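**Q** When I checked Swiss-Prot for this same protein, it listed these features:
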- 175: active site, proton acceptor (ACT_SITE)
- 294: active site, proton acceptor (ACT_SITE)
- 123, 173, 177, 295, 327, 379: substrate binding site (BINDING)
- 201, 203, 204: Mg(2+) binding site (BINDING)
- 3: N-acetylproline (MOD_RES)
- 14: N6,N6,N6-trimethyllysine (MOD_RES)
- 201: N6-carboxylysine (MOD_RES)
- 334: site 'Transition state stabilizer' (SITE)
């Protein structure tokens, strides 16, 4: 029997190409509590109407393709298709629109950030009808949130593990980031922890290079942790970077860290990938390890205002995939971060319920139900003069991380750590006494300098250092 080559009109299938908006633009649609909602910033090519552009995004990120196909008739597109349900122009921008798309929950595998992103931010970002496309925000329904473990432990459990309350945690990234031997690296870790820091950190690109193999680093850092704990009576930690070329090697490093009895490991979640990150987060919960997350590569994805993925989406994805800390920008340091927008996604990381607030870039109300919170990490170009602002901006549930601002102290690493700890304790005490950190911050630091020569020396070195550039990440 030869295959059928002709189609009769009565079959109901009409081959060819039709406008996306005929199927995927549905302004009358009422969103469901179970829908994943997305806000895209869409820049259509000249001559492409916004309705067609928004519908194309909905189609290409869900069930659509460039032409009608026979197999459309074998399923229910009304049940599974994405829908562009609202479009609004972007104020102050020509030919840019916020297009809202609703996705049925059945399109996504449970507990998989990888699958969710493969659909929503997949091939559609290379679509020719669009000049540029940026995912500004996602609303994750509670039905989907509950399919994720999320952070291995969360903020309160971490505080209980560390026995540290009522203040931000203090950290330091060991510098130079590359080139130190394992023994010298461990020495720097010890000096910083002995001086008063809670944590030290592997830089994100420290994995297992010829000058310092991972096992040697882990051993010397563990020795530094135990020695500093014995001398200070405080629980200490070092973010041992378990990121590796394969998931198997990553897990081997995490297992060795657990065997050493250290409290925390680290992962570069964007370069390492969401599948690897989620696997590591599950291991960390099962084995009592905290998980510090670095966002290396994020600016490639999120820095351009009209194309890519906003970091608030990457932050939500991390909370779902799993991490106890994540770098979030500083507002005041050397790296990108506008205050209101930064605090918007900081709240998305920490709080259980966040109301829609467009002034802070939050497009949807988000309910995290029982998913634990994540500590934001302020890191990058910060020093003791920034301490009042950081304490006021980020509050107690944060990690303030000074790399060069510790190791660059003129008297050495331990005095650098002392200076940061004294500055933090002074700011917390002043705040608790009702003083205004934003207005009196410099005075508070100067007062503390009178009884801390280490802090006075740090203040003298960095008194003129500022990073005053306009933020790219604006509303």
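Any Cβ shown, glycine's included, is placed from N, Cα and C.
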**Q** Counting every protein chain present, what is the number of Cβ atoms, excluding its own, within 10 Å of the Cβ of residue 123 (substrate binding site)?
**A** 10
**Q** Can you tell me the CA-to-CA distance separating residue 295 (substrate binding site) and residue 204 (Mg(2+) binding site), as a whole number of Å?
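**A** Computed Cα spacing between residue 295 (substrate binding site) and residue 204 (Mg(2+) binding site) is 8 Å.
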**Q** With residue 123 (substrate binding site) as the reference Cα, tell me which of the recorded positions 14, 175, 201, 204 is the closest one.
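**A** Of the recorded positions 14, 175, 201, 204, 14 has its Cα closest to that of residue 123 (substrate binding site).
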**Q** Quick one: what's DSSP say for residue 123 (substrate binding site), helix, strand or coil?
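**A** Reduced to three states, the DSSP call for residue 123 (substrate binding site) is helix.
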**Q** On a count of neighbouring CB atoms within 10 A, which of the binding-site residues 203, 204 is highest?
**A** 204
**Q** Around the recorded Mg(2+) site, report the further residues of that chain (criterion: Cβ within 8 Å of the mean position of the Cβ atoms of 201, 203, 204; site residues excluded), sequence-ordered.
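**A** Neighbours found: 173, 174, 177, 202, 205, 206, 239, 241, 266, 294.
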**Q** Taking Cα-Cα distance, which of the recorded positions 14, 201, 203, 294 are within 10 Å of residue 173 (substrate binding site)?
**A** 201, 203
**Q** Take the C-alpha atoms of the residue listed as 'N6,N6,N6-trimethyllysine' and residue 294 (active site, proton acceptor) and report the distance between them in angstrom, rounded.
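**A** Answer for this pair: 50 Å between alpha carbons.
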**Q** Which of 14, 295 (the recorded positions) has the most other Cβ atoms within 10 Å?
**A** 295
**Q** Could you measure between residue 175 (active site, proton acceptor) and residue 294 (active site, proton acceptor) for me? Cα positions, answer in whole angstrom.
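**A** Spelling it out, the Cα of residue 175 (active site, proton acceptor) and the Cα of residue 294 (active site, proton acceptor) are 16 Å apart.
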**Q** What is the total of other Cβ atoms whose distance to the Cβ of residue 379 (substrate binding site) is within 10 Å?
**A** 25
**Q** What's the most sparsely packed of the recorded positions 175, 177, 201, 294, 327, counting other C-beta atoms within 10 A?
**A** 177
**Q** So which recorded positions out of 203, 204, 294 end up within 10 angstroms of residue 177 (substrate binding site), measuring C-alpha to C-alpha?
**A** 203, 204
**Q** Whole-number answer please: how many Å between the C-alpha atoms of residue 294 (active site, proton acceptor) and residue 327 (substrate binding site)?
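**A** So the alpha carbons of residue 294 (active site, proton acceptor) and residue 327 (substrate binding site) sit roughly 6 Å from each other.
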**Q** If you measure residue 201 (Mg(2+) binding site) to residue 379 (substrate binding site) at Cα, how many Å is it?
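**A** Rounded to the nearest whole number, the Cα-Cα distance is 11 Å.
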